[in-house]
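First the structure, in the form of structure tokens, and then the observations on it.
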């Protein structure tokens, strides 16, 4: 797979003729705001589509948290449509625009060049003895995991057809730098600056304490073979939190960097390290200790 060498940060003049608005499910606030936003755009002769992503759209506005943005990342990347995340959730690593700043942010997009961070995506598929699944794309991570009551998984993992190791663990997380602040971090993996081209491999509760997270170059092809103890044992594969496939004995999960990146719109004042401090409470004294 040829890894795209495009710059992490680019500037682009976006002409808005049609905008897709995607709302957080079961959020009356986001649904109501989408109507207000749609009217505002119509007043400026800009067509809109609600909760529908089409190839001809010039911009997608995700009204929700990071989960909403993850939900639309695959299609947005496929059609190379820039995404603006408006935070209606709680964390907001990716959806950094506040609701009250939405209209001002769109006016800047209309009037000026837009700053875009090209966020690396990874793609995955499951290879069985006589077939293979189609590719699916992730902005955060692909996870192979066991069922709650099952024993540890035996996962024989290769990098560019060279044996890495045989993991015995509850599962493995294959993460992008963007996803390093998500499940990877909870499992003890490292934080990685989103502009670096890497794939992170992080074991989940490994049997051997010497099994540690690993950072690989983005151009590496990773294959993990599931070695089940019997025909009843199975593993689950989740792509950005969505359960997609079940793996059986001898099946392989293939992971590699996707050929295209997600175009994530950021503000002039965007500061990755400030986001880490604020969201992870770095250097903030815990008032509960007083």
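Positions of Cβ are set from backbone N, Cα and C atoms, glycine also.
Annotation source Swiss-Prot lists active site, proton acceptor at 66, citing sequence analysis. Annotated NAD(+) binding site per Swiss-Prot: 66-67, 71, 140-141, 151, 168, 170, 181-186, 242, in sequence order, evidence recorded as sequence analysis.
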Length of the line joining the Cα atoms of residue 185 (NAD(+) binding site) and the residue listed as 'active site, proton acceptor', in Å: 16
Surrounding CB atoms that lie within 10 Å of the CB of residue 181 (NAD(+) binding site), all protein chains: 23
Rounded distance in angstrom between the Cα atoms of residue 181 (NAD(+) binding site) and residue 66 (active site, proton acceptor): 11
Binding-site residues: 71, 168 - member with fewest neighbouring CB atoms within 10 Å: 168
Distance, residue 66 (active site, proton acceptor) to residue 242 (NAD(+) binding site) (CA atoms, angstrom): 14
Residues near residue 141 (NAD(+) binding site) in space but at least six apart in sequence (CB under 8 A): 122, 173, 174, 175, 176, 179, 182, 183, 184, 240
C-alpha spacing of residue 168 (NAD(+) binding site) relative to the residue listed as 'active site, proton acceptor', in angstrom: 31
